[in-house]
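Going by TrEMBL, these are the annotated features:
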{"type": "DOMAIN", "residues": "2-135", "note": "domain 'EamA'"}
{"type": "DOMAIN", "residues": "205-297", "note": "domain 'EamA'"}
{"type": "TRANSMEM", "residues": "32-52", "note": "transmembrane segment"}
{"type": "TRANSMEM", "residues": "64-85", "note": "transmembrane segment"}
{"type": "TRANSMEM", "residues": "119-137", "note": "transmembrane segment"}
{"type": "TRANSMEM", "residues": "157-180", "note": "transmembrane segment"}
{"type": "TRANSMEM", "residues": "200-218", "note": "transmembrane segment"}
{"type": "TRANSMEM", "residues": "284-300", "note": "transmembrane segment"}
Amino acid sequence: MWFISALVATLSWGTADLFYKIGNNERDRYSAAKTVVMVGLVMGLHVFVYYFMVKGVRYDWHNLIVYLPVSAMYILSMTLGYVGLRYIELSIASPISNSSGAVSALMTYFFLNSSMSPVQFAAVGVISAGIVLLSLFEKQEADKELTAADKVHYKKYRLSAIAIVFPILYCIIDGVGTFLDGYYLEYRQLLSEDQGNISYELTFLMVGLLVWLYLAVVKKERIRIFSERAKGLAACFETFGQFFYVGAIATNAIVVAPMISSYSIVSVILSRIFLKEKLSVKQYLVVAAIIIAIAVLGFYDG
C-alpha cells in the first residue's frame, strides 16, 4: 500500500526536520556542510549493511549514472535546505519550500498524464494550501516576537533577501527531482525501487565524503562524528524515510508528492512537544485540516 509507505516517510522526515533544527548551529559556518557529511555517511552505511549484506542485492553500477539526474536534484535541494535553516524562521522560506510537492504533482499531471479522483484532488489541494497557511502563520508569530530594534540588528532579518533565495531554489529543484523520480520509477520503470534508492544513497555517500575531505584538507575543519548526535539522528530518520518514500513514489507519484510535503506538520507538532514552541489556534486548525485530508487519501488508497 502506497499510503502506509508515504505515511511512514512523512512521519520520519518530520522527525528528521526536528533534529535538523536542533542540530543547526548558527555559530558554526560549516554546520550545513557537516549535515551533508552525516547524511551521506548514514545513507552509505544503510546501503552496505542492509542492501548488500542483509538483503544481498546485486547492484548494477551503471544505474549510478542512469539515476544521477534524480540524485543530483535531491542532494542539491537538501543541501540548500540545510544552508537555509539559519534563515528559515524569519522569512517566507517554509511556505515556499514545502510547496515543492504541489509543484511535482502539477508536473506529473500535465506531463505524465497521471490522474486523481475528485476527492483525492480536493484532499491534495487542502494539504498544499494547508502547508502554505501553516508556514505563513509561523512567520507571523515569529514577527510578533521581535521588536523593531531586534529586526535592525538581528542577522536573520538583515539577510532576509538572501533567505528567500534558498526556499525558492529548494522548491523548484526538489519539485523537479520528485517529478523525475516518478518518471523513472513509476512512468517509465527504468529501474527497480532498490536500484534507484541504492543509486541515490551511494551518490549522497560520495558527495558526503567529498565534502568531508574538503573540510579536512582545505578548511582544516574537524568533524567529530560521534559528537554530532542531533545531526546523526536527523540523518537516520532521513534515511529511514527515504526507504519508504521510494516505494510510495514508484506507485502513486501524483498523490504521494504533496502528501509527503506535509511532513512539516509533524515537525510543528514535535516542536510543540519537545521544544515547547507555542501554536496559535489558527495553526491548530490548519494542522487538523491537513490530518483529515491525509486520512481521506488513506481511505481512497486503491
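Glycine is treated like the rest: Cβ placed from N, Cα and C.
Heads up, TrEMBL stuff is auto-annotated, nobody curated it.
When pLDDT is averaged over the domain 'EamA' (2-135), the result is 86. Secondary structure counts, DSSP: the domain 'EamA' (2-135) has 105 helix, 0 strand, 29 coil. Helix, strand and coil counts from DSSP across the domain 'EamA' (205-297) read 74 helix, 0 strand, 19 coil.
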